[in-house]
Structure formats: structure tokens, C-alpha cells
Amino acid sequence: MAPSKRRNVSAAKPEEPQKSLSRKEMDEKVERILHERRCANEVFDLLELLQAEKERDVLSAVSACSHLFSSLLQRGELRLGHLPKEEDMLAGSYSAEEKYAMFMRHRYNSYVELLVELLEHEAFVVKESSLCALMNFVSTEAQRPLQAVDWDGHCCFPRDLLKAVVRGLLSEKEDTALLISRFQEFLEKDDVRYYTMGAVSDSVGRVMVVLPVYQNNVFTLMSNINMPKKEEELRNFLLDRDGQSRHDWKAAKLKVKAVLMAVVLFQLPSGLYKKVLVVLHDAILPHMSQPTLMIDFLTAAYDIGGAISLLALNGLFVLIHQHNLDYPDFYKKLYNLLDPSVFHVKYRARFFHLANLFLSSSHLPVYLVAAFAKRLSRLALTAPPAALIMILPFICNLIRRHPACRVLIHRPDVTDEPRDDPFLMEEKDPALCHAMESSLWELQTLQKHYHPDVVRVATVINKPLGEQENELSELLELSGYELFERNLQQELKDTVALEFEPVTQLLQGSGGLLDQHFSLE
């Protein structure tokens, strides 16, 4: 859809049907405007074509106007500093040279406004062309600023122009992920990245009602920003700076990204909730000056349950181990996350990696470790083979770390007579599930499993467990398909016997089945 008409894009004359110009005619107009100031009003014809219905005319007009105003910027023929209103310009005592510079500066501002509107055009090629034109002006204005330079050099960078671009990218009506991916190449510049985050912060602060589409666009834009970890890495600037300015450009200033994410994190749609949690521990928390601000968000996510709780473990792990977060019911909640679905979720490997870390401390109560070992053993009865090959070594590692749990696999004072299992699978509190009074009989049951690899792993408990723990890293990502392929590649040492006694003379010779058939007839 073509953008609506705007003020200052057409000369004051009656409405006429919009005329289409060829690319050659547009280029000729540009050359006349650049070389003959008496033809300056022809710029209105180019600006009007930016609102044309035909996609081809809009693209040609964008290209022609970009060439025109880039040339004027390079030649210094646009008004610098404060820009009076056009009414004041005509009434004031300005020279012809000054009036021309003001006139073209107003036309340039109108062109920028139209380019921002075109970021919402229905055709992506128009959006892309407009975005590239806007970022070209950002680069040009950074080298030839239209504003006065302040004491720290900040006004050299066209912040207002970049803010307009960011506002166009953070649409509240449509998903702009594809356009943002095109914008990503400009984020390689450190100053563009810095001012982009400031523009996003300003946008988030102005939005009264946060819509899911807007949240997704904010997340997409911010997740495309790669944060430098050290100040020395800030070397790629769009605007060339002297040594003093570079020294003042602290990496800590870029940590505003995490604050922005915290603003839009709450009340997220389920899909976006998961996307945020996947990158939170790695791309957000390390760049926050106060990561503890995310405690409420992470604990709320951890209490939701399901896959969201699994993903919240990463962030909680960082806060607990690096920032001394006190979460009294953490292990109780972790215990309740163990259900049959945990072996089938997409993030199974990540969950068990973190669970292994959380249960690695030797200071954990024995009853707690026993509860986890027993619950995993019970769940193992219905787990797929690929999960069992990882779970059984996991359980053995728990017993190795906590020798007091060895009674779960060998209790000398108990007879071999069958008895009821005192373990309460439905109990949500690991302190009340009576795991220490039970045994891991499930592991012995799995020694009769149909899959030979599961049998091999399960029989480890038949011998005394050594102190060396099993390496789980290679087993966490093991899938059923990989397990099947691995078995197919194994070479058989001996030929498999198909019959107890080989059959001879099946169809021919005396006594064969064929002769017996005819003799019966």
C-alpha cells in the first residue's frame, strides 16, 4: 500500500494526476537540480513519485532522490544547525544562498520521512531499498553532520535519523524479522550498535500497550546485536573517532541491551518466552550490571512448569552459582520436573546437563540425592533406549558422589524375600518420598531389556562401582536414530545361526520335500 500524502512533498498547486517518469527522465531532473538552482522546484516531482502506486516508480524515485540528496550533503549545500520553519525562512532576512540551503534541507527532511513510511510498504524490495537509503544517509551525516557538534562529539552521529529507522523496524502491526535481518549488517559498526540500543530503549519507553508483534520485533532486533565483551574490541566505528573518544567509549555503555530485554520480558507469548529463555543466560545476563534484577522473571518462569521451567534453569544456574541467589524450593521444583515427558522434550540434553551440575555438590543431603536417583530409576522403566543409555550412567554418578546412597543397590541387612516398595512416586516433596528406605530394583529389571546396549549399561551395578565417573557429554545428545545407526555399523564377530540343523535336499533328491509331496498324491 502506498503511503499517505505528506506536507512539503509537493509544490502549492492544484491536484493533478500523478505522472510517471522513466528512470532516464528522473536522472535528468536530478542533474538539472544539482547544476541549475532555478530548477530546484523539480524536486517536488521526485518526492511525489515516492507515493506512486507502481512499485517500479517508487524504487526509481528512491534511487534518484538518494543520489540527489547524497550529492547535496557531500557538497555541503544543506542548511547546517538550526533549521527555521519555511514561513520564517521566507519572512526573514536571509540571503539567496541561505534560503536555498534551507529549502533543500526541508526537502531532505521530507524525503527521510517518506523513506521511513516506505518501511511499511507491502513490497519487501521497497522496504529494503528504503532501509538501505536511510542507512546510507546515516553514514553520510556521520561524516558531514547537519547538527552542531557538542563537547563530547555525540552530536556528530545522526541519532535522530537512526531513531526514525529503528521506529520503522519495531512495527506494532507486522513482523519485520526479514527486514531486521537486512539491517543486521549495519550493526557490525560499534557506534551504530550503541545508538540502536538507545533507540530501542526510547521506543520501549514510549509504547503504552505492548503487543506480541512489537515484542517479537524488539526481541528479533536485540538478539541480532552481538555484544563486545571487552573495551578493546570496540574498533569498528562508522564515524572515525580520535583516541580520546575511543577511550571514553566504554563497553559498559552497551550493557543497556539487558535492561531493554527486562522491560519487555513480562507477559510474553509462550513462543517468545522460550526464545528469550534460550538466550538469556548467554546473551543477556553477562551484560547486565545487576543480573539479580532478573530474579523475579526467572523464578516466575521456573514456576510455570513444562518446557519453560526447563529453559529457566540456565538463567537460574547463573544467578545461583555466580550471584548467590537463594531459592529455598529450587531442588523441590527440580525434582518435580522429572516426569515421563522429560525424556521426549526438545531441550532434554540441556536439562540433564544442568541437573548434573546442580546435583554435583557433595554437600547435598543424602535423602535428596537418593530421591533423584530413585525417581529417575522409576521413570527409566518406560524411557526410550536412547534416554536409558544416558540416564543409567547419570544415576551411577549420583551414587559415586554420595557413597551413603550405595544402600540403594546393596543393603546387606535385608533378606531376599519380596516386599512392597516404600517409595512414593506421587509425593512432590523429596524429603517425604521414602527413597532411602527403597532400592533401585528398576536397574536390575532393565538388565532384561530388549536392547543390548541398555542391558550392558544396566549390568554395571552388578559389580562394585569405582570412583571414576562416567562421561555424560557424548550421551546427552544421543538420539534414537543415532543409536540405530551405530548398531547397524557394528561388525558381527561370529555368524548368526539361523537353523539348529542345516537343511539339505529341499527340492531335489530322494527324501526331499518335493518328492514327499508327489508321493502323497
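Each Cβ is built from the backbone N, Cα and C atoms, and glycine gets one as well.
Note: TrEMBL annotation is automatic and uncurated.
Look at TrEMBL and you will find 13-26 tagged as compositional bias 'Basic and acidic residues'. Residues or ranges marked as domain 'CCAAT-binding factor' in TrEMBL: 309-458. The region 'Disordered' annotation in TrEMBL covers 1-26. The transmembrane segment annotation in TrEMBL covers 293-320, 351-373, 379-399.
Sequence-distant contacts of the transmembrane segment (351-373) (same chain, six or more residues past either end, CB-CB distance under 8 Å): 310, 313-314, 317, 330-331, 334-335, 337-338, 342, 345, 390, 394-395, 397-399, 401-402, 404-405, 408, 430-431, 433, 435-436, 440, 472-473, 476. The DSSP breakdown of the domain 'CCAAT-binding factor' (309-458) into helical (H, G, I), extended (E, B) and coil residues amounts to 96 helix, 0 strand, 54 coil. Across the domain 'CCAAT-binding factor' (309-458), mean pLDDT in this model comes to 88.
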